[in-house]
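**Q** For reference, the structure I am asking about is given below.
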């Protein structure tokens, strides 16, 4: 079985829902838009719209900065983002997408691996539309801390949001997988 890395951390195949020649799509440990639902619980009532869908698309090769990707990796990464975005909008009844890259630590990147957030959006999910970027920055930091804890002894968790369980992430990934033509079958 193939081993996939997200920066220094191993990613389980159960977390991956999309494969292409140079890219992977995976579900997020701490989706940034969890905060939308906590601020506006009425959004949980939307049929087929889950406001906490924050998918990640990353190159298979661990590359820290966007400028260090090859031309083939850049093309494949953003073709993958486009493909995943179409499915995300359709299946979760989003009206728009936020597509974002935090390229380097000063831009808020906390996992040393290029990755793109693809987030389903609806009108009114944020009163201040730019607030999503502050939530994205916080989520990046929270997820990096959580991943680091997996390889360290447990300590005090200062996070104000809980990570999703492996089972929750596997269920989301399994739900998304059939919508895509896969480059490689990595699942047992």
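Glycine residues also receive a Cβ, built from the backbone N, Cα and C atoms like all the rest.
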**Q** Looking at the substrate binding annotation from TrEMBL, with 28, 108, 109, 110, 111, 117 already listed, which candidate in 82, 102 is the matching residue?
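**A** When TrEMBL describes the substrate site, the candidate it includes is 102.
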**Q** For which of the residue intervals 35-69, 140-174 does TrEMBL record region 'Disordered'?
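**A** Comparing 35-69, 140-174 with TrEMBL, region 'Disordered' matches 140-174.
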**Q** Of 103-107, 113-117, 118-122, which range does TrEMBL call motif 'Histidine triad motif'?
**A** 113-117
**Q** Starting from the Cα of residue 115 (active site, tele-AMP-histidine intermediate), work out which of the binding-site residues (102, 108, 109) are within 10 Å.
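**A** 102, 109, listed in sequence order.
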**Q** How do the residues of the domain 'HIT' (55-128) split into helix, strand and coil according to DSSP?
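**A** Counts, helix then strand then coil: 27 helix, 17 strand, 30 coil.
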